[in-house]
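Feature annotations, reproduced from TrEMBL:
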type: BINDING; residues: 128, 129, 130, 180; note: substrate binding site
type: BINDING; residues: 165, 167, 177, 242, 254, 258, 260; note: 2-oxoglutarate binding site
type: DOMAIN; residues: 158-263; note: domain 'Fe2OG dioxygenase'
type: REGION; residues: 1-56; note: region 'Disordered'
């Protein structure tokens, strides 16, 4: 069951700094408590109309809208368990990840192996820069293009690039960062698809990081489930850092695909 939680801090934070979960036209604070069985209120798993197919249609999807101070995200379960399982298996069979210098990041002038596997796909000539490394896009494959088309269909947004990360288990992780906005189309959302092992996804406001934090703003923790889609809408990426921390008890493989609208040369 998906969980949208806010860690309880020692400092009381005004309601304006809390993230609000809006579903079915109602607003409520996200709570660290289980929902009553059968309810689709806060903390509950998205519900779907029963259909005879294996894919959730655009009309089937129930979006959870998370809102807060400069925080705007939407979450849904895009693929049903059977289809998500097939996609994960196909990814494991078909995807070949970067090696060598393309599998490293630069930290304080030194290059280190990234704690996960990575590869990118996209339109010709596109690449993504982060931590001193430029990752070029490989040509779209039928598998990745099909997933992209599905996400474009249900969101109404176009994407020309995707970064794929494979986490072999809970030891593989991603540190706190914001995506480089110079490479992204202004105000465009980022679509994040999760397949496999559930993992915690943490947001921290830029004013509330580190020992010299300017303000007390609670982090936001989301548990991203198998087959789920998270839309990080503007201006979230500008103000909030995100990470996938180590979780030693997470034993399964997770594959994440972040679809982006990259700036193209004129």
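Just so you know, glycine gets a Cβ as well, placed from its N, Cα and C.
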Secondary-structure category, per DSSP, in which residue 180 (substrate binding site) falls: coil
Go ahead and report the DSSP secondary structure tallies for the domain 'Fe2OG dioxygenase' (158-263): helix first, then strand, then coil. 10 helix, 49 strand, 47 coil
Run through the Cβ atoms and count how many others sit within 10 Å of the one on residue 258 (2-oxoglutarate binding site). 19
Extent of the substrate binding site in Å [max Cα distance among 128, 129, 130, 180]: 9
Roughly how many angstrom lie between the C-alpha atoms of residue 165 (2-oxoglutarate binding site) and residue 128 (substrate binding site)? 13
When a 10 Å sphere is centred on the Cβ of residue 242 (2-oxoglutarate binding site), how many other Cβ atoms does it contain? 24
Alpha-carbon spacing, residue 130 (substrate binding site) to residue 260 (2-oxoglutarate binding site), which is rounded to whole Å: 14
Taking the Cβ of residue 180 (substrate binding site) as the centre, how many other Cβ atoms fall within a 10 Å radius? 12
Could you check what DSSP calls residue 130 (substrate binding site) once collapsed to helix, strand or coil? strand
Do any residues at least six apart in sequence from residue 260 (2-oxoglutarate binding site), in the same chain, have a Cβ closer than 8 Å to its Cβ, and if so which, in order? 128, 159, 160, 161, 162, 163, 179, 183, 184, 188, 190, 191
Just to verify a number: CA distance, residue 242 (2-oxoglutarate binding site) to residue 180 (substrate binding site), in angstrom, no decimals. 13
